[in-house]
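Data first, discussion second: the structure below is written as structure tokens.
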Amino acid sequence: MADRTTDDNTVSSQPQKTIADFDPPQKPKRNKYAFACAILASMTSILLGYDIGVMSGAAIYIKDDLKISDVEVEVLLGILNLYSLIGSAAAGRTSDWVGRRYTIVLAGAIFFVGALLMGFATNYSFLMFGRFVAGIGVGYALMIAPVYTAEVSPASSRGFLTSFPEVFINSGILLGYVSNYAFSKLPTHLGWRLMLGVGAIPSIFLAVGVLAMPESPRWLVMQGRLGDATRVLDKTSDSKEESMLRLADIKEAAGIPEHCTDDVVQVPKRSQGQDVWKELLLHPTPAVRHILICAIGIHFFQQASGIDAVVLYSPRIFEKAGITNSDKKLLCTVAVGFVKTVFILVATFFVDKVGRRPLLLASVAGMILSLTGLGLGLTIIDQNHERILWAAVLCLTMVLLYVAFFSIGMGPITWVYSSEIFPLKLRAQGCSLGVAMNRVVSGVLSMTFISLYEAITIGGAFFLYAAIASVAWVFFFTMLPETHGRTLEDMEVLFGKFHKWRKANALLKQKKNASHGDGITNNGQVQLGTRGQVN
């Protein structure tokens with residue numbers, strides 16, 4: 001009996017398990033505050049999307065009203081991308097000077113003025129001046145929205161949140177297409193002016209809404225405002241522990257000693273922007289050189305694979321495919337915008353689950369197939385004088401497939417990837433270089449598409465884009481490491497071996513396993529102690 005009593009007491013002293021104990025562990029909830037900040041910052045990208053979408057249809061009516069040539073139409077549509085270079089080049093310095101938040105406000109204000117100028121344009125020269133002003137605002141928005149979002153996001157949802165700018169670009173494109181259709185029934189001289197002018201309305205609300213956001217914690221640390229940075233990190237991190245680890249990493253990157261805990265500290269001169277261009281371009285480390293090649297390369301291939309030709313000139317493509325009715329062309333264009341927007345939403349939910357590389361490689365493979373199919377369909381139609389229904393259906397299907405594949409990977413991941421791989425000190429300027437490449441290629445492609453397809457046929461133009469996309473797939477497969485699950489401060493280990501980056505990835509995994517349970521967050525992110533040399 002004594003033994004039995006002892007056994008009973010032993011059993012009763014153990015904690016009793018309930019059914020709930022056998023449930024799978026719950027996934028950590030997304031940080032709602034960081035989510036709201038990312039949405040507000042990313043909504044500035046709707047300005048670019050609206051301009052791209054609305055100009056595709058407005059160009060038809062502008063050409064008729066102002067009596068301009070095809071070459072002038074090409075320049076009108078594509079020149080905004082080159083004008084935006086001024087904004088993106090200035091945004092890096094401006095964001096380091098006045099902060100990320102006020103730079104976003106400035107982007108909205110400049111675009112507001114540009115949209116009004118375009119809406120009241122009386123001739124081609126006036127319209128081009130409006131494009132110039134709007135382009136500067138677009139350049140600011142393109143550069144700063146991904147940077148701010150990456151810096152405010154916790155590592156667990158950074159990919160999800162930094163894909164938002166592309167979501168809003170696509171939403172803007174769809175709104176532009178809808179605006180084309182809505183105002184197409186008005187008199188020609190009035191319709192296109194309203195299409196362009198109403199773009200000023202959302203920029204007012206965006207500029208005001210952004211003032212409710214906090215400043216980027218990384219920018220605050222660069223200014224020595226540790227107290228303010230800590231408060232923002234506490235609100236935007238998944239846990240207090242993660243907030244402390246993020247602050248420690250940022251302080252290390254900014255050159256602030258770990259023992260400095262005052263609300264305001266003196267920042268070493270090297271973290272205030274001096275010699276940034278020298279470190280980025282003239283004397284980069286192997287890691288920075290690799291990062292720069294990857295960032296510029298992904299931006300180059302995003303545009304060189306033909307997305308702006310499809311989005312800006314979709315009415316012409318459908319006309320070449322045999323769809324000549326104006327209403328039907330605009331409705332097909334709206335369908336393009338709808339598909340593009342739906343699939344970008346799909347991508348946002350998978351970028352932090354599947355990873356960057358699998359989505360990107362699958363996306364580009366699909367783009368290659370759909371561009372080849374589109375080129376084939378247009379070539380068949382071009383060589384036959386009769387209307388071929390199945391070829392027209394093939395062209396429409398391939399256009400929809402192309403924008404769908406672009407949206408699930410190449411579109412959002414370009415911005416996610418380039419905004420998260422640069423070191424803190426070089427991030428603003430590095431991202432501005434990526435955006436500059438993006439806009440140059442986009443501008444060149446937009447301003448040469450009509451001339452290109454007149455020279456090599458419209459089918460040949462899309463075969464050329466398919467070939468460029470094939471080169472892009474090889475570049476991404478060999479040169480781009482997976483960054484999912486890494487902190488922004490881990491990137492200097494992951495990069496530097498170029499096509500041999502898998503060795504660095506193995507080292508990071510090894511260190512994560514070795515330090516499991518010590519300085520690791522619940523979701524398994526490596527937070528500290530990952531810097532080192534890869535042999």
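Every residue gets a Cβ built from N, Cα and C, even glycine.
Keep in mind that this is a model prediction, so the values were computed, not measured.
In TrEMBL this protein carries:
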REGION    1-25  region 'Disordered'
COMPBIAS  8-17  compositional bias 'Polar residues'
TRANSMEM  33-61  transmembrane segment
DOMAIN    37-484  domain 'Major facilitator superfamily (MFS) profile'
TRANSMEM  73-92  transmembrane segment
TRANSMEM  104-122  transmembrane segment
TRANSMEM  128-148  transmembrane segment
TRANSMEM  160-178  transmembrane segment
TRANSMEM  190-213  transmembrane segment
TRANSMEM  330-351  transmembrane segment
TRANSMEM  357-381  transmembrane segment
TRANSMEM  388-417  transmembrane segment
TRANSMEM  455-476  transmembrane segment
REGION    512-535  region 'Disordered'
COMPBIAS  520-535  compositional bias 'Polar residues'
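Note: the stretches the transmembrane segment (330-351) and the transmembrane segment (128-148) are not in contact (fewer than 3 CB pairs below 8 A, sequence gap of 6 or more). Contact check: the transmembrane segment (388-417) against the transmembrane segment (160-178) gives at least three Cβ pairs closer than 8 Å, residues 6 or more apart, which meets the contact criterion. If you take every residue in the domain 'Major facilitator superfamily (MFS) profile' (37-484) and average the pLDDT, you get 86.
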